[in-house]
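Quick look at what Swiss-Prot annotates:
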{"type": "ACT_SITE", "residues": "Glu187", "note": "active site, proton acceptor"}
{"type": "BINDING", "residues": "Asp50, Asp89, Glu120", "note": "Mg(2+) binding site"}
{"type": "BINDING", "residues": "Asp50, Ser51, Asp89, Lys118", "note": "3-methyl-2-oxobutanoate binding site"}
Amino acid sequence: MSMQTAPIKKITLNHLQAKKNQEKIIAITAYDALFAQIFDPLVDVILVGDSLNMSFFNQNDTLSASVEMMLYHTKAVCAGAKTPFIITDMPFGSYKDEKTALKNAIRVYKETQASAIKLEGGKEKAKLVKTLTNEGVIVVGHIGLMPQFVRLDGGYKIKGKNEEQQKKLLEDALSLEEAGVGLLVLEGITTPIAQKITQKIKIPTIGIGSGKDCDGQILVWSDMLGFFDSFKPKFVREYLKGKELIQNAIKQYADDVKKGNFPNELESYH
């Protein structure tokens, strides 16, 4: 009699770490229960990213995202998605020191069903990571192009183009791994150094704009489903013309209403 493996009820950090060098990790962003429920059976990881400040609230950057905003949207995502590993971004200013970071990370765990929190920064965040993990918080690291540093960097700039940057990125990755991060997001990093980091560290890397050699990939859902036509980063592949499809559907609806074709008899009560 053949033994069948029971489906995973909830993806854990152990499941993701076991995929290292074995199977690619599939990750996507989500900000509400509806899309989280749609994505649930198809992905390993859902990130409730502070990118929602741009794609959901139409702001120019992520910096004005608040802890309350992240908690609200994380609750919504957790209500819709039951299986994926759910990561909540710690917004700008929410981990400026250990006391503040611990307070906000504990709120994420107490008030939502998130699996982990994510913070941006390299080896300078190692001590903070240790403090959080010592309290039982799973931390996901994020190095390379860091959106919360966009004003300091003078824009969204690819990292790893010179030897100095490459050395720092590798040092950051190794330091964060030693400090206890469970996963590491590599954003906007040149392919060779992203590959080297992935090979050097034992924890999985999840890339966005960092080449195909990372242990997994993540995209902002509204980018990959074609909801924005004003700007598309080089690394984004559109799998759907979502904006066009929805606008066409709304046009048909409006046309039916104007012509008196909606609702019809079958859609009315008598």
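Using N, Cα and C of the backbone, Cβ positions are placed for all residues, glycine too.
Keep in mind that this is a model prediction, so the values were computed, not measured.
Highlighted in sequence order, Gly49, Ser51, Thr62, Ala65, Met90, Pro91, Phe92, Lys118, Leu119, His142, Pro147, Gln148 have their Cβ within 8 Å of the centre of the Cβ atoms of Asp50, Asp89, Glu120, the residues recorded for Mg(2+), and are not part of that set.
Across the fold, the C-alpha of Asp89 (Mg(2+) binding site) and the C-alpha of Lys118 (3-methyl-2-oxobutanoate binding site) stand 5 Å from each other. When every Cα pair among Asp50, Ser51, Asp89, Lys118 is compared, the largest distance found for this 3-methyl-2-oxobutanoate site is 13 Å. The distance from the Cα of Lys118 (3-methyl-2-oxobutanoate binding site) to the Cα of Asp50 (Mg(2+) binding site) comes to 10 Å. The two recorded residues, Ser51 (3-methyl-2-oxobutanoate binding site) and Glu120 (Mg(2+) binding site), show a Cα separation of 13 Å. Residue pair Asp50 (Mg(2+) binding site) / the residue listed as 'active site, proton acceptor' shows a Cα separation of 14 Å.
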